[in-house]
């Protein structure tokens, strides 16, 4: 098989038994069919193949090297992955459990829509919605969730909401939980409701008795505060109060489900949370609670389904990962010794934000796009000479295989894997969107590579730009736009031009997402970048413009910018008056969260041997205990 033919995720890669239900199996087979991006027999000139003779480019030219650690995942290990949860019996069992959970939802209301229990019925319905979402199984219950939220929303007032429809007053726990869920589902709710939970001095307070209910209420208040919009001062105050209260509570709380929930939200706030990691964590928490306590029947049913769904998707993950490995291997990517090989980590990220079996095309397109970005990143950042990079940039603008004639040998293979893969993914996008979208992607790619060339020229000349000059270019070189645009176009969700304008450049949504990634990435990478001779970063440019400022000053300033941008991005994602519905922006927003997650503690993209490795193990390699 040709070194530059993409290995298709054909029907044989994923059997019926890997799908969580019979209904989804047919849909997934259609999605898998679209991944056949090339056919056996496709070939290219030998000069475009990547081999050890050209990929290392031992040509005597002095080159900068990134000094990154090698691929962490052995070929034999990836090929050996297997799971018993591919058996069709597991999918059948999941279908039965889904039906039983739907009955639980339906038990909260009767035929005419009136709720059956007046004491805590509203809280119970919100609890059900919150739990299926945190457990990663909410896609099965969209109709039931809509019915439940419509019921509860009827009782929302300017002061919030109480536990039940007969509640004489509102309470913080139900209001905070309801506010968060309603906002995330596009209902109009005002944060002013939280003003009614302040004391006479206008401060949030808690009683001296730290009951579990009070701690739970403050915990949900903290979660609600994380989806704040700009200028919502009451949520800023709520976040500060709740964070201080919960940190103090952790000092006295015994190790319990609640304490572990608090720690998780502190570690992974809304803007850097991966739904699959949250599902794994919450499954473990509920499982421990069932051992130490006496769980109700509803919790046990939810937990059983969540575990089963996690493991069924885990089986599908392994098949998709093995197909990606074959694509990566047969393109000759391992021979590019100067780049970071992170296809496993990128797959972990994308399968952490999208667990819908039918979206295999999206997941694989994201990984391939990100791997191409990594090749370009390392080539422009370190390995390529300035003259070589100018030639490559011009060749990308031509977008023709004949453009490789003027390129160095190692660049020819890079160019062809880029050219062929982008074109093939554009064909898949055309099937989904019903129109040619290659023009969008090529423009995004040209802008991305152009920003890299500018940074390479800065390094070559020793030029240190102003903060704003670096920041504006850095939004493009962050890679967020190209990493998002190509994959989302392969989804079955329609993206007509007017909706794409609300997500892609030059929308505020795109600008804020790119800004966050650039700023957060720089706060984690600036020391390593400086060691490689890259003088320009948000940190260094800020210090240059603000004489006498320290690195701590620069980081505080940048972190403040990030906090403001997160609120602006929340608004662009959830605003009720937007032309693009939340469903159209969800994948782009979740990609932003996923990429932010990589930089939660450090540059988990370059240094993938710590938290990122643990993430791979928890969410891709290990099943949960049934």
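Just so you know, glycine gets a Cβ as well, placed from its N, Cα and C.
In Swiss-Prot, the annotation motif 'DDXXD motif' applies to 377-381, one of the ranges 377-381, 382-386, 387-391. Around the Cβ of residue 377 (Mg(2+) 1 binding site), the same chain contributes 452, 479, each under 8 angstroms and 6 or more positions distant in sequence. Across the motif 'DDXXD motif' (377-381), the prediction's mean pLDDT works out to 91.
When Cβ atoms from all protein chains are considered, those within 10 Å of residue 381 (Mg(2+) 1 binding site) total 18, not counting its own. Residues of the motif 'DDXXD motif' (377-381) grouped by DSSP class, helix first, strand second and coil last, total 5 helix, 0 strand, 0 coil.
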